[in-house]
């Protein structure tokens, strides 16, 4: 019988529900249990694919091509599992499905309502994930904050699941904030009490309360929360700000959170073997070297827009015993005139993915600087496309060379629409998405990084390198080092006469893990260290 854990949040959003859920998943997996995890987002968008990064942070892509919430990246990195489209559910998806069923006549002429039709669809998404994975435990994080009107159908659905599968098979975890009032020198539990009161008014009694705090939570305070929220003091779990996120599972284990969960769910499992994880955390806290990477993007004011890229850099750093210092460089402020001054202290330059024409020339200036000055360069998606544009302009001498995405009327469309994209009108869900194979050319930097000639990586793009320019590029020193297996689509380019200049069309950051860094990131950081 599958067991169900639901993680809700109160007081404020962005208090670490995703990290809590992912950390618990790691502990349970290390106890020998099979775990899957999903995120319910109450917004009406079908997915975050067309949302601004300023609104949502990065869009995380799964193997099967789902454009999902960035929390799925935390889940995959912590638990080391590959999720799918059933792991991210939005109000938009649910309502779309219910309306489709109504139009098809599935409801036999009945009045379609939030209860039971929307709530049943939500429950089905939980049960479907359980059926598909046959997991011992499924963890479901409910986005937003208790009290939000958008969350009500989700909370009602998870309330009903307890009745559907039995109380012994369901556990509710509520994550709240205990604010520290500096002027008074006190921490306040009242917001937590009110948040739990709101949750209980909806029919959900939390079994565990995780309190986010900057200061230590005293036993007296835990007793007070337990009294007012009708749980044991041992079921109040402190979640402090950590030096590294990867210490959170160890902190939860120290407070026996996994034991409490298994006791509630009437499960028996051996203690979690966390030696490898402890070694990872020890390594992270005791890195002996430093390397500075200039990350050049247009969304750098919200670093969550590049969350997986930053994490993949850090993972590579762990492998090299190096702390990664990321210099967040706004490409809108980079020009040919000031690029040397901006880049003077960086050991490597990375241009990540992106869309649209804003701040493109700043990225191209950064790429030219890396190429000319032999600074290690790593381009991802748009970062690859602009590397070929820069090379076409400044090495091949093709005046006005550009991407058709940015300049549709260019005489030299180095980057053009994929043929299958030319008649597509809708933006959402229509990119080339998900895991695709790439064949790597022998004797290249890409092959040296991967140690193999066939890899699979996750993609998210609509435009592709124009093969009309391939021969000309290669003759001038920018070679195609990986393509799709049929040789049609360019996947990786690199410079022959450069210490490390590699750019890929796919998004390698999505498969990086803290204890298993992605190969190109690992090689790039190694090259940056040599450049110090």
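The backbone N, Cα and C atoms fix where each Cβ goes, glycine too.
Its Cβ placed at the centre, residue 381 (active site, nucleophile) has 23 other Cβ atoms within 10 Å. The active site, nucleophile annotation in Swiss-Prot covers 381, and the record cites sequence analysis as its basis.
For 507 (among others), the entry in Swiss-Prot reads active site. In sequence order, 61, 308, 353, 380, 381, 457, 458, 459, 460 are the residues of the chain that are 6 or more apart from residue 507 (active site) and have a CB within less than 8 Å of its CB.
Under the DSSP three-state reduction, residue 509 (active site) is assigned to helix. Neighbours of residue 509 (active site), defined as other CB atoms within 10 A of its CB across all chains, total 29. Here Swiss-Prot flags 509 (among others) as active site.
What Swiss-Prot records for 13, 148, 149, 150, 188, 189, 190, 191, 192, 193, 224 is CTP binding site. Cβ neighbours within 10 Å of residue 188 (CTP binding site), excluding its own Cβ and spanning all shown chains: 14.
Taken from Swiss-Prot, the feature UTP binding site applies to 13, 188, 189, 190, 191, 192, 193, 224, supported by sequence analysis. Residue 189 (UTP binding site) falls within neither a helix nor a strand when secondary structure is assigned with DSSP, and so counts as coil. Spatially close to residue 189 (UTP binding site) yet at least six residues away along the chain are 178, 221, 224, 225, 228, judged by Cβ distances under 8 angstroms.
As annotated by Swiss-Prot, ATP binding site applies to 14, 15, 16, 17, 18, 19, 71. Neighbour count (other Cβ atoms within 10 Å of the Cβ, all protein chains): 24 for residue 71 (ATP binding site).
Per Swiss-Prot, L-glutamine binding site is recorded for 54, 354, 382, 383, 384, 385, 405, 462. Annotation note: residue 382 (L-glutamine binding site) sits in a helical segment as assigned by DSSP.
Marked as Mg(2+) binding site by Swiss-Prot on the basis of sequence analysis: 71, 141. On its own chain, residue 141 (Mg(2+) binding site) has 6, 7, 17, 18, 21, 37, 38, 39, 40, 71 as residues at least 6 apart in sequence with a Cβ closer than 8 Å to its own Cβ.
Feature annotation from Swiss-Prot assigns region 'Amidoligase domain' to 1-267; the stated evidence is sequence analysis.
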Three-state secondary structure, which DSSP defines for residue 224 (CTP binding site): helix
Nearest-integer angstrom distance between the alpha carbons (Cα) of residue 385 (L-glutamine binding site) and residue 190 (CTP binding site): 52
Model confidence over the region 'Amidoligase domain' (1-267), averaged pLDDT: 94
Distance [Cα-Cα, Å, rounded] between residue 13 (CTP binding site) and residue 19 (ATP binding site): 13
Euclidean distance between Cα atoms of residue 193 (UTP binding site) and residue 382 (L-glutamine binding site), Å: 47
Residues 54, 354, 382, 383, 384, 385, 405, 462 binding L-glutamine per the record - widest CA separation, whole Å: 23
